[in-house]
Amino acid sequence: MSDQVSHMPSPPSALSRLSGLATPGVTAVVLVTLLLFLPALLGGSWTFTLGLCFANSIGVLAVSLLVRYGGEVSIGHTFFTALGAYSVGVLDTRYGISLWASVPLALVLGVAFGLLFAWPSRNLHGIYLAVTTLALALAVPEMINNFDGLTGGYEGLYVATPFLPGVDMGAQRYYVALAMLVLVCFAVARLRLSRQGMALLLAKTHPAAADAFGTRRVWARISVMGISGGVGALCGATLAFSGSTVSPGGFTFWQAIFLLVGSVVSFYGLSLPRVLIGGAFVTLVPQLLSASGAWIPVLYGLALLGMILIGHYMPRIRKALNRNRETG
Amino acid sequence: MDQMTNALRGEGIALSFGGIKVLKGLDVDFRAGEITGLIGPNGAGKTSLFNCLTGAYSPQKGTISYAGQPLNGLPPAARAARGIVRSFQHVALCPDLTVRENVMMGLARTGTAGWLSAFLPLPRGRQERSDMARAADAALADLGLPDVGDRHPGELPPGMQRLVEIARAVVGKPSVLMLDEPAAGLNNAETQDLTAALRKLVSPDLVMVVVEHDMDLVMSICDRIYVLNFGEFVAVGSPAEVRSNPDVIRIYLGSDEDE
């Protein structure tokens, strides 16, 4: 009897049954449900910070999109985030127009400038394209200051018009950012299943094969930059609304680097959990380290290294845990 | 249209890289309704000729036309839009896509769903994907791969990857199908499946050109064969004529003087 029992396959544990249910869709739904109720458990300042975290997650997603679909790295995405943020800021401050109109404008401008940037740089790759995007990042603060009549210069702009009149503004700054992040992640997940998304992936790995089946590699490169620029602008629009202020300090070269760091930390993931990890790293780590004085750069570097190592060894750790569970 | 008007033609195709003449003024006439073989030793210029015909290379001299329409100057994507497709000597499948999705890319030129459908779950985009998936599954099944659609190319042995690439080339019902070493890496059973599938594809409207080193395959499926050596044709004819051509025998078996 005991032999028979020992040869029978052991029933799946509750944990393994749960992990079997954890499809990307289910994980995203659970995560969003948790985030919907989080403000009820947290204080106002944390709710505000998480709103910024969601906005930065969209920026991380914009950079990761360029890597995953175009095979290129950008160190200048603050150009697009600034474009989105000032679309919201200028329309709100100067004309009292809310997100209903400024977000579509931000998206259109982000896509348009992405395409405009991509056309002359369509034959640049790797480090050459990255350095070209650097020029964008370096130009942004100067451009904002030069157009101070519109942008408010160093002082910036204050975004105060509610998205939904009559609803608490603090809650709006959190939930609008969350909704925007979920919508962008959903749209990007749809892109992966579309003919255009598949063609972009083929063009990234085998441009000649993509060409041979009707996908021009120039079209692919320009399209990816347009999409990434549009998502970058949505990040900026969300940052402006959730952060309530728009100023040149939010769009420096270092902010562009932090978006790239967030993308690396999330291993260029495009799913909601992955981009949230990247956005949380960009937003929360500097905040958590803010009391560390001169140690901030060192601790930030260690945190970055730790995240990369955890991500790198995670598959092995998971495999070892599964093995232990099976033998146990 | 008859097989002559549907032909893929090249006249005086010449290609050089630096001072090296790779193709020396070649005339080709690949006819619809036939399988044409293109054989020759390594470095003879077979793939270069393929690349000129599909637009990957621009020959310095000569004209290329399909069904009487000039193709010179058209990029590969524009030629693909006219139904001229190819497979590659080295498998060029996308590792990020499933096998089914890779094959669906053979239908990319026929897609009409716009960008809005790419980001939103609109009926048109969903219908397009499901139609493409169905056609891809049928093409895979025709090549003896009915159950691999959900896997990724890296999970398949090289021979199967080669067949997946051929499925991608044929799924869009091309007017010109150019296969660059389709049997490379295939085992005997897979080669037989491929042979049967290629024979089934023959139609009065399809120009099919095969570059191949497997002589048994070439001799068994081709109606006409071009033999290329050092950028020049040394023989053109039926398999029987080519097999008995002394120049071909010399190239493939070596002459007494070489020994």
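Just so it is clear, glycine is given a Cβ too, placed from its N, Cα and C backbone atoms.
Keep in mind it's a predicted model, so treat the numbers as computed, not measured.
Below 8 angstroms of C-beta separation, residues 50, 171, 174-175, 178, 182, 185, 271-273, 276 of the same chain, each at least six residues beyond the ends of the transmembrane segment (A:21-42), sit close to that stretch. The transmembrane segment annotation in TrEMBL covers A:21-42 (among others).
Positions annotated as transmembrane segment by TrEMBL: A:48-67 (among others).
Long-range neighbours of the transmembrane segment (A:97-119) within the same chain, counting only residues 6 or more positions beyond its ends whose Cβ lies under 8 Å from a Cβ of the stretch, are 79-80, 83-85, 87-88, 91, 133, 136, 161-163, 176, 180, 221-222, 224-234, 236-237, 241. The transmembrane segment feature in TrEMBL is assigned to A:97-119 (among others).
Long-range Cβ contacts of the transmembrane segment (A:126-144) within its own chain (Cβ-Cβ under 8 Å, at least 6 residues beyond either end) map to 72-79, 82, 86, 117, 151, 153, 248-249, 251-253, 256. Sequence annotations record features per position, and here TrEMBL assigns transmembrane segment to A:126-144 (among others).
Summarising the annotation, TrEMBL assigns transmembrane segment to A:174-193 (among others).
Annotated transmembrane segment per TrEMBL: A:222-241 (among others), in sequence order.
Outside the transmembrane segment (A:253-270) by six or more residues, the chain places 56-57, 59-65, 67-68, 73-79, 81, 133-134, 137-138, 185, 188-189, 192, 277-279, 281-282, 304, 307-308, 311 with a CB less than 8 A from a CB of the stretch. Annotation source TrEMBL lists transmembrane segment at A:253-270 (among others).
Per TrEMBL, the feature transmembrane segment maps to A:275-292 (among others).
Cβ atoms under 8 Å from those of the transmembrane segment (A:298-315) belong to residues 261, 264-265, 267, 277, 281, 285-286, 289, 292 of the same chain, restricted to positions at least 6 beyond its ends. Per TrEMBL, the feature transmembrane segment maps to A:298-315 (among others).
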Against which stretches of its own chain does the transmembrane segment (A:222-241) lie, if we need a Cβ under 8 Å and a gap of at least six residues from its ends? 52, 54-56, 58-59, 61-63, 65-66, 69-70, 72, 74, 77, 79-89, 92, 99, 102-103, 106-115, 117-119, 122, 157, 159, 163, 172-173, 176-177, 180-181, 184, 188, 191, 196, 200, 250-251
Going along the chain, which residues at least six beyond the ends of the transmembrane segment (A:48-67) come within the CB cut-off of under 8 Å? 35, 38-39, 42, 73-74, 77, 80-81, 170, 173-174, 176-178, 180-181, 184-185, 188, 224-225, 227-229, 231-232, 234-236, 238-239, 242-243, 259-260, 262-263, 266, 268-270, 274-276, 278-280, 282-284, 287
